[in-house]
Structures are given as C-alpha cells and as structure tokens.
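Asks: Take a look at this one; I'll ask things after.
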Amino acid sequence: MASSDPSKRPRPGPWPPAPESAAMPPSSWAKRTGFRPKFSGETNASDSGQITSLPPPQQPPQAQAKPRQPDANLDLEAGRPRPSPTSNGEAVVARDREKERDKEKDKEKELTTPVRKRRDSDGGKNLAANGQPAAGEGSRRVARNEEAAAVDMLPQSVMDDDGFVARHSHMKYELRDTPGLVPIGLYGFQHFLSMLGSVILIPLVIVPAMGGTYEDTANVVSTVLFMSGVTTLLHTSFGSRLPLIQGPSFVYLGPALAIINSPEFLGLNGNNFRHIMKELQGAIYIGAAFQAFLGYSGLMTILVRLINPVVVSPTIAAVGLSFYSYGFPRVGTCIEIGVVQILLVVIFSLVPLSLFITWATAFLLTESGVYSYKGCDPNIPASNIISDHCRRHSRMKSCRRFSHALRSSPWFRFPYPLQWGTPVFHWKMALVMCVVSIISSVDSVGSYHASSLLVASRPPTPGVLSRGIGLEGLSSILAGLWGTGTGSTTLTENVHTVAVTKMGSRRAVELGAFVMIILSLIGKVGGFIASIPEVIVAALLCFMWAMLTALGLSNLRYSEAGSSRNIIIVGLSMFFSLSIPAYFQQYGISPNSNVSVPSYFQPYIVASHGPIHTKSSGLNYVLNTLMSLHMVVAFLVAVILDNTVPGSQQERGVYVWSEPEAARREPAVCKDYELPFRVGRLFRWVKWVGL
C-alpha cells in the first residue's frame, strides 16, 4: 500500500519512467546544454578549437538506455538535477537518486574504459605497416575517423561512414559544380582581384632592381598576367585539378633579388635589364626542370612524408617576414601616401579598391605640381646630392605617378617566348633555384591539403599530389621561357579566398584565367600597372607579406598548436630563420662601409662578403646565398626537428592522403581528380601521376 504521507511521496518525473537499472547516457546533458567537452568519448577537440565527431564507444546491449526528457531543474555543472529544498522528504528522495545515478555512472565507466584503453594503446590509430588503415571494416572505420580528427575537419561538414567529408555544407559551390555564368563570373573576378597583389607587385620590384625602364616593367607585367592565366588553366586541367591559381610567388622573390645583386652584375654598363633577365631565366629554367623531375619521377611521394603542418607553417611564415627590411623603409620615402595606403587596405581588406583611391590621389598631386622635382635631377642617387633643396625634393620620385609608362604602352601586345633573348646558364645560380623549387613544393603541399578539405570529397592521393608538383615544374619552365623573372607556383592566398567566398568550383578559376589572358594582350593594362608609384607598391607589399605570414602560421590548426613539442619546433624555426640569415648578411660589413646598393637591397648581396670561404668561389656563392634566405633556414630547422623529436601523428598533424586503391573504387574521388579527355588512361601504368 502506498504511503499516505504527502511528504514521503516521490516527486512525479517524466513519463514513462526510465528503468532504475538503466544507465543514463553520458552525452544527454551535454547535448541539452550545448556544452562541448574537450576530452570525451563523444567529441574530439583539437587545440585550434575545431571539433570533430567521433563514433561513440561500443557498449553492450544491456548498457544502452533511452534518453530522458529535459529536466527544468538541471544542474549544468554536475549534469544532474538539483535537490529541491521545498521539503525534507523530497530532499531525501533527491539525494537517493543522486547516489543511484553516481553508481550508474561508475558502471558506465567500467564498460567504456576498456574501449578507450584499447584505442590509447594503439596511439589513437589502427594502421598497417605502411601507415595506411589496416584491413577490415571495423578497424578501417575507426582509423579513418581518427585520421579525420587529425586533419581537423570542419564541423560544418557532413561525415560519411569512413570519417571523410561527403558533402561540404559550408560551401556554396564545390569542386565539380557548374553554377550559372553570372556566379562564375562574379566569383572568378573576385578570386583574381584578391590575387592581383601577388601577381602584379613582384615585377614592380625586380624590374627596377635590374635597371629596367617603365616600358620594360609594363612588358613584364603583361607577360606575368599571360603566364598566370595559362598555367592556371593547365593546373586545373592536368595538375591537381583543385581550384588553385598559379602565378609568381614571393618564394622566388628573395632568390631573384640575390641573383640580381650578384657581384658580377654590379659593374655592368648599358642595358643591364636584358643581361640580368637572361641569367635569371636560365636559373629558373634549371630549377623548374628539377621540380618537374621531382614530381613526375615519384620522388615527391617520398619527400611528402617529411612535410607536415609543423614544417609548412614556419617555412611559409618566414617568406613573409624575410622582407621586413624592404617594406616600411620604402614606405617612409613618401610617408603621407604610404601610410594612407596601408590604412585603406586594412579598412577595405581589398587591394584593388584601396589601390585605386591612392593612385588617383597621387595622380592629382602629380598633375597639380605638388610632386614636382623643382629643377632637380631625379636620376642622381640621394647619397650624391649636395644641395639641401634637391635633397628634400628627391623623395618626390617615390610619390609621383609615372604617366610616361601609360602613354608609351601599345594598345595590343602579345607576349612571346625568349622575348628578352636566349637564357644564360650558370650552375651556381641554377643550384640556388633548385633548392628554392623544393621550398615552393612545400608551400604547394600545404595549399593542396587545405583546399581539398574545403572543396573535394577526399584529400588527393600521393599520385595526384606528385602530378600537381610536376606540372608546377613544367609551368615554371614556361615562365622561364617567356621571361617573367620568377617561377610559377600555387598562390597560398588562394586558399583563404576559397574559404571566404565559399566558391570551390574550378570553373570560376578557369573563367578568371581566361580574363587574365585577355587583359595581358592589352598593353595599356601593363602600362597602367607600371605607372603605380613606388611607395604605393611598398605599402601594398607590407600588407601582402603580413597576410602571407599569417596564412603560413594558420597551418598549425591542423596540428595540436598548444603542444609544447610543436611550440618549441615552430619557435626555434622562426627565431633561427631571422637570426642566422642576419649573421650572414651582416658578416664583413662595417658600419662606415660604402655599399653600392640601396639599404633595402643589402640583405641580398651576401654572396660577396659571406662567412663561408672555400677554394671554390661557386660553392661559396651557393652556400652563402642559401643560408641568407630566411625560408631555407626555417625549412631545414623545422623538417629536422619535426622528424626527429618524438610525437604522435595527431600531435604533429600528419597530413592524411587518400589511398589509391580506395580512391579508384569511389566515383566521386575519380571525378574530382581524374584527368580530362581520358588522358589518364594513357598513364595508368605510371602510378605516381594518377589516382
């Protein structure tokens, strides 16, 4: 008989009541409150803050329970109902329920602990001897789920049974989508607008450094636009097939300046531009051939095992940081225009819009006579000017808009190969470019992996990766023949643009490439770009290099960024990438020495005074030049430490590439990466250039 005392009656609960012996699911309170634990069997959170779903631990059938209804009197900290103080009887009943639930949780821990221990004993993975998931459906599913966690999949993605992305809900258009002409045109134009800074600014630095005129600058800019469009079409069709723009990279800018400022070129008379450009073309040609061999021979599949986010991150960040001596010192030559340009590009976050505003301002000030030379010769170096009046007005050259470049440019010009003459080959310069091509490949590997997580059904196979690197080598060979002054590689900023615009279709990139080819044929476009004042170029480069540094460091989100191991490796790599080149650049230069190059080019003349002295002058040139490049030092330190200091695969963020056999069985992966026009069937026997 039930007790008639109302104080001893149990408080009514949800109907139907759950069995007393049933265990309360550990995830029910977390799901109701929205709490996401960092370490639990329900979710796995990396240090970057992104959370990926993991399969729940397998439990016996008797341990499964029906989820309870939400309780309004829920303790968010303890995950259980609070005891109500309304009556002593209800408080006693509540305490008894708490004890029972504590016992039930202890039973659940006993059931789930063996599963976790078994996973932990395997190091968080279940892999075969070759590093790929072992055979068997259960083991393969567990391994791929944990590999998906290691590469830090986006939480908005829909996961399939194997743990990879099946459909990217956060993207408007994916890799093989073909939207209408209007979306393709708008997004394609936006893609190349964001890349315009990288594409056009490099010629504005290297051509004047070689002694070229404004007409030479306009012609090189047109050539760069043409080759960027052609190589992008080649890469989206026969390379990795990801929506990645190809063009001149800042990876090649430092080595190009080092070759331009070689000791043998300092005393040249006459047209220095064509002579130095032919030397630069020969070095790029040999370095590109080495990169093509690295990809198509299959050696890239071996090298990629050493390349992980902890290596890519400091290497790319060092590329941006290496130009600190050029950036603001050049902005300071015309501070009123340079600082305004930096502020505008930060406010609008769009290079073309801020460029148009400051270019128009410089045009008005130049035409109104504010930036006139006041009777002084602008071609005399500032160090040789005696008059205080001319010394004050010598800076006007950096502020002025060069209208002569726009007026002298033809309306139509077709870039053609060997337009500067036959390339000249020197083994010491070619060897420097071969090492630089490896750094360029490291940059591309990080871009391939990041973009595939955004737009593709699965990451590419090692064969597709090698095929992309090989085609980048062929693209750089074309760039050397046409004379762009730098090699061609994947632009890192493109991945950020894909994530922001949510446009992952390769059709948008291909349409933008056609537009670039058309613009390259209009000579006035190159003339307009060549007329940009030097200080505006320097201000834009400050923004671009800062973005490149940030994008490089963002690769750490694929690893455990809070790991002390990774912090030490990245910290040492970044510090030595600045300190060691500074030692080489300052060695042998006294404070009062008269250097024949401007101060912002002094870091690139280390070949003439570096600390390494052997009997071979060519070997001295190669070693001194390479050790003065920040990205080379960062790569060497990072790749050695990351592959020698112990660390788990998840901690290191080891890149996970698709298995070739599994990729061939999945139609979605084949459609993403297979070559068009059935070209892949001709190369099925070459395993490192296909799926």
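From the backbone N, Cα and C atoms, a Cβ is placed for every residue, glycine too.
TrEMBL does not curate its annotations; it predicts them automatically.
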Asks: Between 306-327, 438-459, which stretch does TrEMBL give the note transmembrane segment?
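Replies: So the range that TrEMBL calls transmembrane segment is 306-327.
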Asks: Does the transmembrane segment (306-327) come close to the transmembrane segment (566-584), meaning at least 3 CB pairs under 8 Å for residues 6 or more apart?
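Replies: These two stretches do touch.
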Asks: Counting CB pairs under 8 Å, which listed stretch among 218-238, 280-299, 511-529, 535-554, 621-641 touches the transmembrane segment (306-327) the most?
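Replies: Per the Cβ count, the answer is 535-554.
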Asks: Let me check one thing: do the transmembrane segment (181-206) and the transmembrane segment (511-529) come into contact, meaning three or more Cβ pairs under 8 Å with sequence separation of at least 6?
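Replies: These two segments touch.
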Asks: So, taking each listed stretch (218-238, 280-299, 535-554, 621-641) in turn and counting its Cβ pairs to the transmembrane segment (511-529) that are under 8 angstroms, which one gives the highest count?
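Replies: Maximum Cβ contact count belongs to 218-238.
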Asks: Six or more residues out from either end of the transmembrane segment (280-299), which same-chain residues have a Cβ under 8 Å from its Cβ atoms?
Replies: 252, 256, 259-260, 420, 423-426, 429-430, 432-434, 436-438, 440-441, 466-477, 479-481, 483, 485-487, 686-689
